[in-house]
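Features reported for this protein in TrEMBL:
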BINDING   Arg142, Pro143, Tyr144, Leu167, Lys169, Lys175, Ser177, Thr217  FAD binding site
DOMAIN    91-201  domain 'FAD-binding FR-type'
Amino acid sequence: MDWFQQLGFLCFVFYTKTPYPEVSITLKQPNQFCFALNGKTRCITLHKNVNWPCVVKIVADIGKVQVKLIKKVLGLWPTFGTLTTTRNIQIDYWKCELLNSFDVTPNAKFLLFKYQQNLYNHVYPGRHIYIKANVNGQVVSRPYTPVWPLVETTEYGIISEDTLCLLVKSYPNGKLSRHLCSLNQGDLIEVSRPQGSFECWTSKTNLILLAAGTGITPMLPIIWNALHSSIKKYNITLLYFNKKETCIIWKKYLDQKSAAYSSRLTVHYILSEEENSMGDTKGHIDESVITKYFPTLNEESLNEHAVCVCGPPGFNKLCEK
């Protein structure tokens with residue numbers, strides 16, 4: 001661990017030497033800073049008090065984590081404080097309260113939550129969390145992928161480091177999805193630690209993403225991280241399937257991102273229930289779509305490509321076929 005400071009802030013730098021480390025950070029007291037890296041927890045009693053939230057910068061490919069804390073009072077400290085080890089306490093779920101909700105499509109919402117504790121819980125692309133809530137007297141839990149807009153925007157206000165962002169589509173028979181989309185400001189849910197270990201895409205340089213409906217949610221963090229990687233240059237083709245153009249989630253952000261990275265990100269919108277005004281194919285996933293939009297692969301180039309699929313079960317099975 002290294003640290004450095006200026007009058008207004010101090011930074012801690014951790015070298016986990018593990019690509020895509022698990023990172024959880026909390027400020028238990030104004031002068032008590034705790035961090036868990038890959039399951040190992042340490043606490044620092046700081047020399048003086050700091051503010052929350054922190055600012056976290058992670059170089060995921062090499063496992064470098066930098067945490068910036070803002071000092072409550074300007075000044076240089078003679079020391080950062082004292083470092084102690086702590087008994088690892090497994091926390092299965094944290095409580096989060098709804099800050100705000102926004103309509104994205106006629107049946108999908110963008111929900112912003114804040115942890116009740118001063119907590120930063122990093123969820124890497126390819127991993128997910130479980131959301132748990134009491135729905136009509138029954139505890140219901142489902143996996144969700146945290147997401148954020150692909151571009152800088154003020155449409156949803158200021159999204160801070162410790163904000164949990166979810167895209168949720170309300171399904172007629174979805175107990176939890178309908179409950180989440182009906183929440184009011186201040187209502188509570190419970191959120192698990194990050195789960196999963198889907199990292200196959202990080203070993204490739206060409207990504208082909210097949211998404212249907214809200215299956216776009218795990219693709220968005222992959223797109224953002226791949227385009228902003230400081231270690232490797234990725235090329236991405238996204239085939240995004242929906243019934244109608246009004247069903248496309250965050251189309252304007254996808255269009256802005258593909259325009260900014262035109263040589264590395266290509267997006268095709270494929271609609272099944274109306275003619276496509278964007279010039280792409282109308283229909284469903286089938287061999288003709290694969291033939292039209294997939295690059296020509298040979299044994300040598302095949303090792304450079306990863307194909308990621310997410311959507312309803314029927315869509316996933318067709319893609320695999």
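Here the Cβ of each residue, glycine as well, is placed from N, Cα and C on the backbone.
Remember, predicted model here, so these are calculated numbers, not experimental data.
Structural mapping of features recorded in TrEMBL.
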| residue | record | Cβ contacts under 8 Å, 6 or more apart |
| --- | --- | --- |
| Arg142 | FAD binding site | Tyr130, Ile131, Leu176, Ser177 |
| Pro143 | FAD binding site | His128, Ile129, Tyr130, Ile131, Gln195 |
| Tyr144 | FAD binding site | His128, Ile129, Tyr130, Ile131, Leu166, Val168, Thr217 |
| Leu167 | FAD binding site | Val104, Ala108, Lys109, Phe110, Leu111, Val147, Thr214, Ile216, Thr217, Ile249 |
| Lys169 | FAD binding site | Thr105, Asn107, Ala108, Ser177, Gly213, Thr214 |
| Lys175 | FAD binding site | Val135, Gln138, Val140 |
Thr217 (FAD binding site), Cβ-centred 10 Å count of other Cβ atoms over all protein chains shown, is 21
What whole-number value in Å do you get for the largest C-alpha pair distance within Arg142, Pro143, Tyr144, Leu167, Lys169, Lys175, Ser177, Thr217, the residues recorded as binding FAD?
19
If you draw a 10 Å sphere around the Cβ of Ser177 (FAD binding site), how many other Cβ atoms fall inside it, taking every protein chain shown into account?
22
